[in-house]
Amino acid sequence: MALQELYTKYNRVWIPDSEQVWKSAEILKDFSPGDPTLHLQLEDGTVLQYPVEGPGQLPHLRNPDILVGENDLTALSYLHEPAVLHNLRVRFVDSRIIYTYCGIILVAVNPYKQLPIYGDGVIHAYSGQNMGDLDPHIFAVAEEAYKQMARNNQNQSIIVSGESGAGKTVSARYAMRYFAMVSKSSSNKRVEDKVLASNPITEAIGNAKTTRNDNSSRFGKYTEISFDRRYQIIGANMRTYLLEKSRVVFQSENERNYHVFYQMCACADQPEFKSLRLLSADKFNYTCMGGDTEIQGVDDCADMAETRRTFSLLGLKEDFQSDVFKMLAGILHLGNVVIKAVGSDQSSISSSDSHLVVFCDLLGVRGEEMSRWLCHRRIVLASETVVKPQPKERAINARDALAKHLYAYLFDCVILRINQALRVPGKQHSFIGVLDIYGFETFDVNSFEQFCINYANEKLQQQFNLHVFKLEQEEYMKEDIPWTLIDFYDNQPVIDLIEAKMGILDLLDEECLFPQGTDKNWLQKLYNYLGSKPHFEKPRLSNEAFVIQHFADKVQYQCRGFLEKNRDTLYEELVDVMRASKFPLLTDFFTEEENNAVTKVKVKAARPGVKPANKQLRSTVGDKFRSSLYLLMETLNATTPHYVRCIKPNEEKLPFEYDSKRVVQQLRACGVLETVHISAQSYPSRWTYIEFYSRYSILMSQAELRAGDKKQICRTVLQRLIHDSNQYKFGRTKIFFRAGQVAYLEKLRLDRLRTACIIIQKHLRGWSQRRRYLRLRQAAIIIQEYIRGKRRTVTAAALKQGWAAVVIQRHCRGYLVRRLYQLLRVAAITIQAYVRGWMARKRYKKMMEEHKALVLQKYARAWLVRRRFQTMRRLVLNVQLSYRVQQLRKKIEEQNKENRGLVERLTSLANTHAQSLDRIQALEAELSKSTKEKASVEEREKKNKEDTSQVRVAEHSGELQREDLEKEILALKEENRRMREEKLQLQTQASEDTQINKEMKKEAAENSENEGDLLFAFDGLQTATRVVETQLKEQRESYESQMEALVFKNDHLARENQQLQALFQEKSDVNQSIGQEVARLTAENMVIPDLKQQVAESQRHRQELETQLKEQNTEMTGELFSNNELLLEERNRESTIEREEIQGRLEELEEEMEQLKRLHQTENETKNKLRQETSRLTAENMDFEEQIDMKDRTIKRLQDQIKALQKAAQVLPKEYLGMLEYKKEDEDKLVRMLIRELKPRGVVVNMIPGLAANLLFMCVRHSDYLNDGNKLKSLMHAIITAIKQVITDHQENFEILSFWLSNTYYLLNCFKQYSGEEEFMKHNTPRQNKNCLQNFDLSEHRQILSDLAIRIYHQFINIMEDTLFPMIVPAMLEHESLQGISSMKPTGFRKRSNSLLEEGRSEGQAYSVSSILQLMNSFHNAMAQQGMELQLQGQAIRQLFYLIGATSLNSILLRKDLCSCRKGMQIRCNISYLEEWLREKGLQGCSAMETLGPLSQAAWLLQVNKTTDEDAAEIRQQCRELSAVQIVKILNSYTPIDDFEKRVAPSFVRKVQGLLQEREGSNQLMMDAQYRFQVTFPFCPSTQALELLQVPSSLHLGFLTRI
């Protein structure tokens, strides 16, 4: 289709603009050839009549929005300057993407901001990927160079160019860092670190702050990174070009000198720099010319520390560093040397100048010579030598020239030392060169430096054009498309203008030969010789400049200073002074210059040049630069180049600000637009047949789609859609389109979709309108009915007639309906009767058949059940009999023990009874003694009766006491009698217990003799137990009655004591009354004087009687009281003791009763357990009976075989201990057969998981059993060494690693289970506890085994990950699980990497999520077959799921083409398949789905709406597992597939970014795909009985013996 036909309505074009360079406009009217104007409307609504002078003057068409923002500029349908500029703007400003491909060029726009896209995770993501698989990146270019070097064995070069401040140095640094990361060697030389360490040093001595860049490289650098045959870094070499020496002595405003000077001044106070006598930077002339001496955000002191650290890392000693700093300090002090003018033609320097003194001290030169030859010059004539004074200006120039030469020599020396440090012994196999060189420059004032820089860029552009043509030609030949010549700009005339015979450089060198040569004379020669050249011009308004038409732009050069800079002269007198220095480094500089002649390189121009007439011509800067540039181009031509063009987006260094004027200027200068022009001349758009079919299948007819061959379908469709065959070409694998054809196809596709949408809308809207119309029509009819009803006049007669008609109709219709209903009812009833009868007969017949079948089944099942029951009953009886025999034996033994205890208790009771009898006898003796005392008391009472009447009272009381004592004696006698009876009862009971015990022993003996009557013996035992219980109950009742009697006796004695106390009180009252009577009689005698003597005598006599009476009463009372009191106390004490003893015996009897009850209860529980066990065994036997019946014949056959073997062997059966014995000399054979040569596919090994581990542990148990430490240690060492050797020899064998991971885990569990530690013995059986290790602690070996298992696990995971990794991206992200959801987009040069394999292998296998599931099934089956623990399987699956999630998410973050809504649907569908697989395998609890959380949230983020504030809040709420950087990256990378989708607005992205600022967590862009979860080995005790394990004969372990 002709390009003019695309200028139709609604299409958009680009028109020039003075401010924005280009601006967009929409066509309002179709354009026809011959129309003078094009009707346009700008984006602000302005209508414009754009004049069209001819067909070639039409404005550039704008690409459809679906093609904007592509990774590759060549994917654009319309390739021109505004399309490139707009695409870069959309990517940089809207999507925040700084890298874009332009064919083979990587365009890098400086963001002036640190971005999280250079981490180690990003490096690993790009490693191994083809260029174009992921989003554009400097790492993709580096990987492409590395891969081509490794695959083609060809040296590579990465050419990084751009103007100052565009980011060349950073890009080159990242490329070198990538090589250091992906090609790390296993040696300890740290070559990679040294290569990277060279950057801080070269930046310190070669970079400076300019008005455009704070870290501008002021020299060109080509770094060759050397690789060995394994493609690991072994060294590097650095070449530099055109150092800006003039910066040492002069800086413009707002610029700085080289960084190292400011770093030294910042560290002037440190001890290492004290001897240099440095000042602050603003006090040195060479560092304060630009004004500000500091850079915002830069710490010069810290940078100096980093510089010194890298010096040390490179192996440069402290002495060399000190010499370098001395030289730099000397240059600073030299700049402060004051030169004074002496007249107009002379100058002088003070001998006391402090800075000159410091300079001479530091560099070891004589101060007088320096001060003299700075201000004088020696002129050698034919006959004499003349010393001529120099004016101040020339002296200052000489000082500055010396400073520049010193710095240049020092720079070369440092670079030389760096190269020596980076040179590692070993042969270089290949290399990758990184060229960091200045781009095309044009300033307001351009001098010699800009001329050399632009000359170098002309050479590089020529090389670039040739390489682009070479690649284009290879692509066309590969696809079998005819190659046609393309018209492009050739810059060979400009190169000839500079370097050919009588060119600019030739004339400049010629002028430098003349001592009196000037810039003006040289300029005049240029006008004369080159004025007629088309690319050389003379400015109209200046006679001191010339203009060259470069490939990028016209540049005007000022001729002032060209000769001086080209000569770069230094006075011989100063050179001699430097040679005489005592400073070795300085002496070496000028000695090497004298001894080493400069080797000139012949540069072939377009036309041969003329040899210089003077053979002693000194090499100039231009000549040196031309020679080095020739060597550089020779090197680049011998390598495969890769191009990185760095763009500076604005002059203010603002982050993500885009100045279209500055960008388009750089695009023109760096060759990007030239690449676009070359591509546009041929077939820039290239699609594979599959991509074309997927994208434009909507334009194909049904007949075309039914054809089988997709390639033929594409051919047919294109021939139908585009009639001009010159607009496309069919290749072998691709379709080539000319510019604009893809846009035309997109227009057709959009029109088809728009038409389909219109049809759908038409039908939907028609249906909606018809529905609405019908509703309105119905409503109108109803309204009309009501309105018409109100207007009509109705009479009463009409209403009556109408009502009567209705009634008649009702009755008539009712009659007819009833009649019809009755007919139907009769018919239905008849049919129902016949049908129901037939169904009943059928049901009866079926019931009879079922009843007969049930009868047959009943008898058959009864016979089977009886047979099964009889068999079961025999088995149960046998089991019960054996079990009851064992239980009854245990019960008899326990009962014997209890009987012996009862006998002992009975003997103890007899002893206590004897003791109580002894106490009773003692009480009887005391009673007899008290009886005797009573008799003596009675005799005394008889004597005292005659003395006084008061004695009668005492007698009366004594009689009462005697009666009481007699009663008490009778009571004691009665008690004695009862105690004797109790003794007899106890003796009787003891004899009965003994007899019962004998009977029980006899019964037990009989029971033990006759096991057939065990049940009868058990009943007898129960009867005996009941007898003992009855007797013990009677004893307890008798003891309770005795206790009650003793309590009653105690109460009686207490009452007697109270009565005696009352008697004593009455006696004291009688004595008081007698005393009162005596007092009364004395008073009466005093009244009668005659009777005084008689009364006195009678009174004396009475007093004697009273005294005698008192003594007798006192004696008698004391004796009675003491006797009674002692007797009562003794009785109380004895009764208390007896009561306590009785209570103790009662408690003992109660305990015996409780024991008997517990025994009875135990017997009941035993019976219950026996019943339960019987029922359980019955149920189990019921389940096993059918199997037993099926295997009866097999059992009989095996029994016959066993009998035959028994007859043959005639040996008793052995009981194995679960150990294997081997000889010491068989240890190596054991390890070889069980470990080294054991095959996982063996039948026995697969049937018994962990067999090898169990056999090895049985051997270890035997060594422990023998207590042989040396043998055990040797065996463990051999086992561990052999396992390590096996996993080392089979590092890539999944089955062997899986097998030994499982067996190592089993062996570790065996060591734990049989270690004897309580925590591991909880779940063991008694037999397993018996098999525990006895003599050695294997905890150290457990730790070694655990470490070995971890190693095997990681190796095992690595193999699975290596197998799974290539499938993840194609299966999870690229494969269409939901067919027809997504469609291809134009990809430009994507998949056109030169590192791809040949055609037969270029297209990898088409993986899908089913491929992943099949692989996961194979992994799971292998692990399950080896008997791996379920938790360990879960950990492995969780690690694989994490790899799937991390790799998929990283690819989404690095691939803009995957960030679409439809792709999110595909990803969520694939995740659901993985989740379903987990449920199917029962692995939901291993937390594997949690590892896919970030990927699931990323898929959700691609599908959710992204427009409103609510959407932003929902994104913040839902995407918890994604970092803020990842969310913003996905939003910026979101790419619509169709025009119907909308891009994410930058304002929405900023809104989300603002909401996520407070979120804590990692700000890393990439997930660490190499992260490993910590593996744990859970302890799971094995139920395998070692004593039952047999050694299979297939293992050939006949030398092992079961113990």
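Any Cβ shown, glycine's included, is placed from N, Cα and C.
For the domain 'Myosin motor' (68-750), the model gives a mean pLDDT of 84. Look at TrEMBL and you will find 68-750 tagged as domain 'Myosin motor'.
Taken from TrEMBL, the feature ATP binding site applies to GLY162, GLU163, SER164, GLY165, ALA166, GLY167, LYS168, THR169.
Positions annotated as region 'Actin-binding' by TrEMBL: 629-651.
If you look up TrEMBL, you'll see 928-958 marked as region 'Disordered'.
What TrEMBL lists as coiled coil is 1053-1215.
Marked as domain 'Dilute' by TrEMBL: 1277-1558.
In sequence order, THR210, ARG212, ASN213, SER216, SER217, TYR438, GLU441, LYS648 are the residues near SER164 (ATP binding site), counting only same-chain partners six or more apart with C-beta under 8 A. Comparing local CB density within 10 A for the binding-site residues GLY162, GLY165, the maximum falls on GLY162. Around the Cβ of GLU163 (ATP binding site), the same chain contributes ARG212, TYR438, GLY439, PHE440, GLU441, CYS646, LYS648, GLN666, ALA669, each under 8 angstroms and 6 or more positions distant in sequence.
Sorting the region 'Actin-binding' (629-651) by DSSP state (H, G, I as helix; E, B as strand; all else coil) yields 9 helix, 8 strand, 6 coil.
Within its own chain, ALA166 (ATP binding site) has ALA108, ASN110, ASN213, GLY439, CYS646, ILE647, LYS648, GLN666 as residues 6 or more apart in sequence whose C-beta sits under 8 angstroms from its own. Excluding GLY162, GLU163, SER164, GLY165, ALA166, GLY167, LYS168, THR169 themselves, the residues of that chain whose CB lies within 8 A of the CB mean position for the ATP site are, in sequence, ASN110, ARG212, ASN213, SER216, SER217, GLY439, CYS646, LYS648.
The sparsest Cβ neighbourhood within 10 Å, among the listed binding-site residues (LYS168, THR169), is found at THR169. In sequence order, ALA108, ASN110, CYS646, LYS648 make up the list of same-chain residues 6 or more apart from GLY167 (ATP binding site) whose Cβ falls under 8 Å from its Cβ.
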